[in-house]
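Heads up, the thing below is written out as structure tokens.
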Amino acid sequence: FVFDDKNIRRTFIRKVYSILMVQLLVTVAIVALFTFCAPVRFFIQTHPGLYMASYLVFFATYIALSCCGELRRQFPWNIILLVLFTLSMASMMGFVSSFYNTKSVVLCLGITAVVCLSVTIFSFQSKIDVTSCQGVLFSLCVVMLLCSITFSIVVPFGYVPWLHATYAVLGAIMFTLFLAFDTQLLLGNKRYSLSPEEYVFATLSLYLDIIYLFSFLLQIVGGGRE
């Protein structure tokens with residue numbers, strides 16, 4: 001879709017980034033709670049069923065928002081599903097972060113913020129059309145899939161640090177590119193763009209890019225708790 005009215009575009013962008021900021025603030029708060037508060041950290045680490053429950057909610061809401069176009073454009077159900085999606089994803093990230101030392105978590109949060117700011121500025125200012133590089137992104141997805149399969153086969157026979165590091169670096173690069181891709185789709189000044197009605201889908205895409213970028217950075221630089 002193409003929308004040429006600059007006022008509509010600006011309103012769309014403001015709405016997406018406003019929702020995204022709320023999502024990220026909630027996520028950072030939950031990650032901080034699960035990481036820095038010892039009683040909470042101990043509770044969630046001894047109740048892994050909570051992670052599975054969060055994952056089921058995440059999966060169900062993600063499928064609903066991704067596959068049901070009418071549902072994600074229907075207020076207030078789209079916001080309700082987005083809230084559930086955000087809380088479940090934030091809980092999962094908090095659970096994962098609780099197994100890393102606090103310095104690693106803070107460092108990765110900082111790196112993620114810097115990368116996101118840099119990619120956003122690049123997407124706003126650059127004449128490079130990342131939305132036309134779908135073949136590159138697809139190739140990276142295939143490489144990541146092959147790495148995941150290899151990793152799942154090799155790990156039972158012993159942990160391979162260099163393989164894990166390679167997988168994490170590729171993942172961080174891939175989601176950095178996806179962040180640029182989705183940001184330019186949002187801006188609407190390149191070959192492909194999103195309809196102004198798809199503010200929930202745009203927010204969902206950007207949020208997932210940032211969360212997965214953080215998770216891969218955590219695997220690269222993160223150190224486990226003693």
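Residue numbering: from 1, along the chain as shown.
In case you wondered, yes, glycine gets a Cβ from its N, Cα and C as well.
Note: TrEMBL annotation is automatic and uncurated.
Per TrEMBL, transmembrane segment is recorded for 16-44, 50-68, 75-98, 104-124, 136-159, 165-187, 199-221.
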Long-range environment of the transmembrane segment (16-44) - Cβ separation under 8 angstroms, sequence gap at least 6: 50-51, 82, 86-87, 89-91, 93-95, 97-98, 100, 102, 105, 109, 186, 199-200, 202-203, 206-207, 210-211
Residues of the parent chain within Cβ reach of the transmembrane segment (104-124), under 8 Å, 6 or more residues beyond its termini: 28, 31, 35, 97, 130, 176, 179-180, 183-184, 187, 210, 213-214, 217-218, 221-223
